[in-house]
Amino acid sequence: MVLLLAGALPAAAEQAVVADVATAKVLYAQNASSRWYPASTTKLMTAYVALKAIEDGKAAVDTPVVMTRYAASQAPSKMGFQPGSVMRLDVALRMMLVKSANDVAVAIGEAVGGGSLETFVGMMNEEAAAIGMKDSRFVNPNGLPGEGQHSSAKDLALLAVKLRTEFPTFATLFGTEAISTGAATIKNTNGLLGRFDGADGMKTGYICASGFNLVGSATRDGRTVVAVVLGASGTIVRDRRVAELLDLGFKADPAKETTLLADLAVANGDAADISGEICSAAGRKERAEAREDEAERKDGSPGSHLHEMDRARSVVRVSLGGAAAAPGIEAGITQIANYNIPVPMARPPYVPEKEGPPLPPGFAASAGREGPPLPSDAVAVAPAAPDEGDGAN
């Protein structure tokens, strides 16, 4: 069902859907099945697979997540931990969702995938198929540009509904307003938290090709609604539109609706690429002007659907360490000692295929031609291993 709304995005241009979580009924839909780049909303699927592993007993909240060299090499946004850093899985999930940390998302994938990111991505696609996300395909756990990665507003709403209904005890992961590492306080990238009544999740996303995405959720009087907007021209437009759609969702009566999210059409073709609009000089100028207008406009004004943040943000302390023991990992450590540093090994003696001419006076004969004896305090060390590049571990 499509409801005609006046909003910040022209209805014909947006990819959006609103759904009631308890019933999965559609309250609004516009281009909901159009294939789109999910960007960091991908991390909702990463969280789903990790939480499913916890539920199935294949992982635990204190399962160690190690920041590998490959994970640490990911492009921002990231926490920036050094390779070998160790954290609990539940802490890693919170950091990934609040900071939108690409490095932590990969580390989670490697941990839950048994050390294999390829295995984890396979798990993502298996779960997506089981949920009914027929417009989706994932190639990485963080949403950075990857060939063939796509989803849709409908599919992301299906995922949001599953996260809220299957894992209610982990709901606070998606609504954390800020985290503190002790050295810094990091605000959630979701601009609705603390500014929209009842807002409690879930995830933002942005790359040039996708524009500005947001899966938002809110709960009022025991009822939860999710709204998804993909391809907005900026964060201000995105936040205001999702707030508007959530308000509409709360005003709608699910009992009068008959269409389920799973009933919406399945899309075909490639995901649209709007890089030319979003990351052009004109696009950047438009967002700069919007920020200037925003500075003069107060939340709470007519039509904004948002209010000013009138209290201190709720901050959750996060840190490395505290994880359970695992092979090669001591319980509770924050850093694996000498992580990824090759251990020197003695070079085996060289044995020539043919015996050469006699050695000059002063040289000791041995099984091979090793030259003069090493000083008593010297150590024979193998040559350094060639640089294997990021992702070798």
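Our numbering is plain: 1 for the first residue shown, then up by one each step along the chain.
Each Cβ is built from the backbone N, Cα and C atoms, and glycine gets one as well.
Per TrEMBL, domain 'Peptidase S11 D-alanyl-D-alanine carboxypeptidase A N-terminal' is recorded for 11-233.
The secondary structure of Ser40 (active site, acyl-ester intermediate), as reduced to three states from DSSP, is helical. According to TrEMBL, the feature active site, acyl-ester intermediate maps to Ser40.
Sequence-distant neighbours of Lys43 (active site, proton acceptor) (same chain, six or more apart, CB under 8 Å from its CB) are Met96, Leu97, Ser100, Ala105, Pro141, Asn142, Gly143, Lys203, listed in sequence order. Per TrEMBL, the feature active site, proton acceptor maps to Lys43.
Look at TrEMBL and you will find 350-361 tagged as compositional bias 'Pro residues'.
Positions annotated as compositional bias 'Low complexity' by TrEMBL: 376-386.
Of all Cβ atoms in the protein chains displayed, 25 besides its own lie within 10 Å of the Cβ of Ser40 (active site, acyl-ester intermediate).
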